[in-house]
Amino acid sequence: MTTPRASAVSKLHSQPSADEMTLAKLGYKQEFHREFTPLEVAGLAFSFVGVVPSIVSVLFYTIPNGGPFAMVWGWAFACPFIMCIGMAMTELASAAPTSGGLYYWTYSLASPRCRNFLSWIVGYSNTIAIITGVASVNWACTIQIIAAISIASSDQAHATTNQQLYGIYAALFLSQAVIVSLGTKVLARLQRLFTLVNACLCFIIIITLPIATPPDYRNSANFALREFTNLAGWPSGFAFILSLMAPLYTIGGYDTSVHISEEVSNAAMAIPWAIVGSIAVSAVLGCGVNISLTFCMGTDVGSLLNSPIGQPMAQILFNSLGQQKALALWCLIIIAEYMVASNCLLVGSRQTFAFARDGALPFSRYLYRINRYTGTPVNTVWFDTVCALAIGLLSFVSTEAIDAVFTISVTASYIAYITPITTRFAFKNDFKPGPFHLGKLSFPVAAIAVIWMAFMMFVFFFPTTPQTTTQQMNYTVVVLGGFMFLAIFWYYCPVYGGVHWFTGPISNVIRGENRYEDSILEKKEQHHDDADISVQPVDV
């Protein structure tokens, strides 16, 4: 019998890290490479927000529903509630740092009578939210590319067909899928570039725009901070509430870093700080960007919505910087938007992988695979890409139908967020805080977060104007309802439905499979009494 090589023996007897032991206690073996540093996962969360490109995408909500007043004070009003949502998420993320995140927490904390169904709904809501989120970001990027062509043209107008728009949309997705299929180490290092570009873009808008804006377009402090412009027709109070879609869409994706839990070191602390840090930095920089825009947008707010360029932000830059400089800055915004979409696809692929690992998705046996060359779930990257390309076909239905994707990404996320936060307090469970916890503030923060999300979900189902036609209706409730109907039907489908076979998270740590896993299980048993884990492991 040949003697094993020294490297092989060393590998067999290598001690599992604390992160690996934690993951094994939650029921999963280590399958990803932990290449993300805490700063890189924080950068991922920040660049996922994409402050400037996201604000560009949602100015259509704020300008007609309050104008400058809503841009500044709506942002300031919403951010404390956004932080409450993030803080409520951090405690759960610290307690059980796994890529499945939301649906895993729901199963672990809910009553045995309903935990399978709730976990199923949360998993599908989360998956739908992320896929529609990346679809909405890439659609926004498509519109911004058309706006760049308009800026470059002599009359600032460029007509496009739905086929051309979809072609650009598809090209963006296909190129991003190639990038996101790369190895974890490459994706981790890319976050440094993505973070730098997004941060620099914020400071360019905050500092450069006021300096370069001609006097004709500079506004007084009274106009920038107090002018309320209601062009939508709703009562002013409700119009202001509708404008909150802008900060809620921009600073979203609180679970972004959660889905990278199995690829980051010291996940139980790195993930919570990434959530809190990205919200805080985005809130401050976003406020600065909005204030800068209100001082430089001119007084004719209506002309921004009716601009031949087709984008209010692009028209503001054109008025302030001129054609060439505006085009250069707009191209940088497009690049940043592309980076945001790439990170959305990255995060979505990890959620899909985790859900497939537990057998909940169609074709799970094919989706739950790690590519041997890249060490990443390439199959789920392309699965999410195909799903998002299918969602993009809504552009051929109507503008309102594809616009509904923007609000679906928020409302579906809120369903996924509300459920585990609520189950923690609504059911009897043995939840124990992780190293990051709020102490006595846990329940008040969670209550504020849940009430806020429930209220805003209801608001987002309203149309943009009170006088609306069938064509102009807000189809969010229809499209979201369709997705959720399919998820529930798939669960209760006779014979083949999830109710017959889905039992929640499935442990893939099997004793005796190899010495590496044996060592983890042995460590887990030895440290069972003092391990700092908040959620009990799933049944094996």
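Placed from the backbone N, Cα and C atoms, the Cβ positions cover glycine too.
Feature annotations, courtesy of TrEMBL:
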TRANSMEM  41-63  transmembrane segment
TRANSMEM  75-105  transmembrane segment
TRANSMEM  117-146  transmembrane segment
TRANSMEM  166-186  transmembrane segment
TRANSMEM  193-212  transmembrane segment
TRANSMEM  232-252  transmembrane segment
TRANSMEM  273-295  transmembrane segment
TRANSMEM  327-347  transmembrane segment
TRANSMEM  401-421  transmembrane segment
TRANSMEM  441-462  transmembrane segment
TRANSMEM  474-492  transmembrane segment
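Only residues 6 or more beyond the boundaries of the transmembrane segment (273-295), in the same chain, are considered here, and those with a CB under 8 A from a CB of the stretch are 38, 41-42, 44-46, 48-49, 51-52, 55, 68, 71-72, 75-76, 79, 82-83, 86-87, 89-90, 93, 199, 202, 205-206, 209-210, 213, 218-219, 221, 223-225, 247, 250-251, 254, 256-258, 313, 316, 436.
The transmembrane segment (327-347) makes no contact with the transmembrane segment (474-492), as judged by fewer than three Cβ pairs under 8 Å among residues 6 or more apart in sequence. Counting same-chain residues at least six beyond the ends of the transmembrane segment (474-492), those with a Cβ under 8 angstroms from any Cβ of the stretch are 117, 120-121, 124-125, 128, 362, 394, 400-401, 404-405, 407-408, 411-412, 415, 460-464, 498-499, 502. When each of the listed stretches 41-63, 75-105, 117-146 is scored by C-beta pairs under 8 angstroms to the transmembrane segment (441-462), 75-105 comes out highest. The transmembrane segment (75-105) makes contact with the transmembrane segment (117-146), as judged by at least three Cβ pairs under 8 Å among residues 6 or more apart in sequence. Under 8 Å from some Cβ of the transmembrane segment (401-421) lie the Cβ atoms of residues 57-58, 85, 88-89, 92, 102-103, 105-106, 109, 118, 121-122, 125-126, 128-130, 132-133, 135-136, 139, 245, 248-249, 252-255, 391-392, 394-395, 446, 449-450, 453-454, 456-457, 460-461, 474-476, 478-480, 483-484, all in the same chain and six or more residues away from its ends.
Sequence-distant contacts of the transmembrane segment (232-252) (same chain, at least 6 residues past either end, Cβ-Cβ under 8 Å): 49-51, 54-55, 57-59, 61-62, 64-66, 69-71, 74-75, 77-79, 82, 133, 279, 282-283, 286, 406-407, 409-410, 413, 456, 459-460, 462, 464-467.
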